[in-house]
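These notes are about the structure you will find just below.
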Amino acid sequence: TARRYPLTPLLYTLIFFHAIILMVGGQYTYAKVPVGFEVQEWLGLSRNPYDKLGHFFQGLVPALVAREILVRGMYVRGRKMVAFLVCCVALAISAMYELIEWWAALAMGQGADDFLGTQGDQWDTQSDMFCALLGALTTVIFLARFHCRQLRRFGLITG
C-alpha cells in the first residue's frame, strides 16, 4: 500500500504487531501460547488469555483501518459518527470471524475444540467480541487524536 494508498506509521505499526500476534497464535493455537500461560499464572486466571489479546487487536486494527478510510475519504461528517461507524465496522468484522470460526468447527467435527479454543467457556464468542469492541473503543478514545495528527503531518488530510 505504500505507493498507491500510503497509511500512517501508527497503522503500519499496529498491523505489524497484529500480524505477530496472529502468527504466534497460529503456531501454538491460541489456547496453548506459552506466554499466555505465564500471564494466566501471574494474574491467577482460569484460562490462557492470549486469545483475548488477539481479539482486542482484531478490534483495534480494523477500527483504525476503517477510521483512516473514513477520515481520508471524507465519507462521514462529525467525530461522533466516525467513531460510531468505526466501532460498527470492527464489530462486524469480529462477528464475521466468529461465524467463520463456527462454520469451520462444524466442518471439522471432532477437532473443533482445539480449533475453537473456547477452553470450556460457554460465553467465549461473546467475550471475544467484547474484547474486539474494547480494541475499537481504544482506537476511538485513545488513538484518534494522535491518528489525526499523523494524517495531517503526512499530508493525508487537510485542516
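Numbers run from 1 along the shown chain.
Using N, Cα and C of the backbone, Cβ positions are placed for all residues, glycine too.
Predicted automatically and left uncurated, TrEMBL annotations should be read as such.
Look at TrEMBL and you will find 12-33 (among others) tagged as transmembrane segment.
What TrEMBL records for 53-70 (among others) is transmembrane segment.
Within the chain carrying the transmembrane segment (82-105), a Cβ under 8 angstroms from the stretch's Cβ atoms is held by residues 55, 58-60, 62-63, 66-67, 70-71, 76, 112, 115-116, 125, 128-129, 132-133, 135-137, 139-140, 144, all 6 or more beyond its ends. Here TrEMBL flags 82-105 (among others) as transmembrane segment.
The transmembrane segment annotation in TrEMBL covers 125-144 (among others).
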Sort out the residues at least 6 away from either end of the transmembrane segment (53-70), same chain, that have Cβ-Cβ distances under 8 Å to it, and list them.
7-8, 10-11, 14-15, 17-18, 21-22, 25, 30, 36, 76, 82, 85-87, 89-91, 93-94, 97, 128-129, 131-140, 143-144, 147, 151, 156
